[in-house]
Amino acid sequence: MKKIAVLTSGGDAPGMNAALRAVVRAATYYGMEVYGVKRGFDGLIQGDIYKMKSYSVSNIISLGGTILKTARSVEFHSKEGRDKAFEHLRSRDIEGLVVIGGDGTMNACLRFSEAYSFPVVGIPGTINNDLYGTDFTIGFDTAVNTALDAIDKIRDTANSHDRIFFVEVMGRDAGYIAIQTGIGGGAELVMVPETETSIQDVISTLQAGWDRSKSASIVVTAEGNAEGSALDIAQKVKEHINNKDIKITTLGHIQRGGAPSAFDRILSSRLGLAAVEALRNGNHGKMVGIIKDEISYTDFKTAIETPKPLNEELVRLVEILNS
Ligand SMILES: Nc1ncnc2c1ncn2[C@@H]1O[C@H](COP(=O)(O)OP(=O)(O)O)[C@@H](O)[C@H]1O
Ligand SMILES: O=P(O)(O)OC[C@H]1O[C@](O)(COP(=O)(O)O)[C@@H](O)[C@@H]1O
């Protein structure tokens, strides 16, 4: 394989630049030409493709975001869009594609690689960590550390004022960020999309804490949990508790930005090299990952269709350690 292309897609995640750097450097090492595609699948559809050299990725290992930019492409959902994208690759004699993104992106890779018999390798890049086939996705560790830094600060003010804080972290369908942030931040309770926690459960947990003379409480809520946003939950709790000061913080997109952690830089570098080597070896139609510290390859269908349940031990840990 002499020419490959690389793009970032879906939500950005800290470490995507480190992965891009690894892809470009590894391909260059193996004597391949590398093309960068701007703005995810939108750029592929529009032919926004440029040649990258080793120096194109100088000094980006520590940068958050993605220098290629990313997009949630509506047009790639249509056959016309995907046809155009394929034509741009074909007309440039590009023989393989590396795509860095989350579960939606892996779904797109599956459809595209099957429809055009085109060699594609995926790299899991999402702060959500919700992809089967890898223990960790790029950006998750950094996002957890960012959220944890915020929780530590919130705890200071929560303690000073004897307040209850509901802190919302990202995770539309997955509670990984919430559970790890909750453990690391010593939260009283974590509310995740995967398990149901009723308002009565929230009140009972808070009450049990006050009965043990706790003065401040932090509840971490994942954005996709069944009781709604942190604001919704706080309002419902306020209907039952009127002798406590209740505050809400939504961390939002600060979790997606910033310099990647050491863990994410190393993960990204390993996955970038693995992706290029997979393409070279004809091991495509797969997402690369790391399981138990070993490089793994999971076909796109399995990666997107297999649920990645929360580690029950972590869920139990929150319950036991808040007591
Ligand atoms: N079923 C699909 N068919 C074609 N393209 C898809 C499909 N699902 C997702 N995509 C493309 O992948 C992009 C990224 O997916 P999205 O779910 O937005 O983010 P992520 O990859 O971070 O989960 C979408 O914006 C769309 O362009
Ligand atoms: O920034 P956007 O496009 O509004 O998306 C927000 C969503 O993106 C995420 O940060 C990451 O999700 P994806 O990696 O699946 O794109 C979610 O946790 C959040 O719900």
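Residue numbers in this text run from 1 along the chain shown.
Even glycines carry a Cβ here, placed using N, Cα and C.
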According to TrEMBL, Arg21, Ala22, Val23, Val24, Arg25, Gly186, Ala187, Glu188, Arg212, Lys214, Ser215, Ala216 bind ADP; which one of Arg39, Arg155, Arg172 is listed for that same site? Arg155
Given that TrEMBL lists Arg72, Ser73, Gly102, Asp103, Gly104, Thr105 as binding ATP, which residue among Gly11, Gly15, Gly171, Gly175 does it place in the same site? Gly11
Greatest inter-residue Cα distance in Å for the ADP-binding set Arg21, Ala22, Val23, Val24, Arg25, Arg155, Gly186, Ala187, Glu188, Arg212, Lys214, Ser215, Ala216: 56
How big is the gap, in Å, between the Cα of Arg72 (ATP binding site) and that of His253 (substrate binding site), rounded to a whole number? 16
Does anything in the same chain, at least 6 positions from Asp103 (ATP binding site), have a Cβ under 8 Å from its Cβ, and if so what? Thr126, Asp130, Leu131, Ala303, Ile304
Please classify the secondary structure at Arg163 (substrate binding site) using three-state DSSP. strand
State which of the following binding-site residues has the fewest other Cβ atoms within 10 Å around its Cβ: Val23, Ala216. Ala216
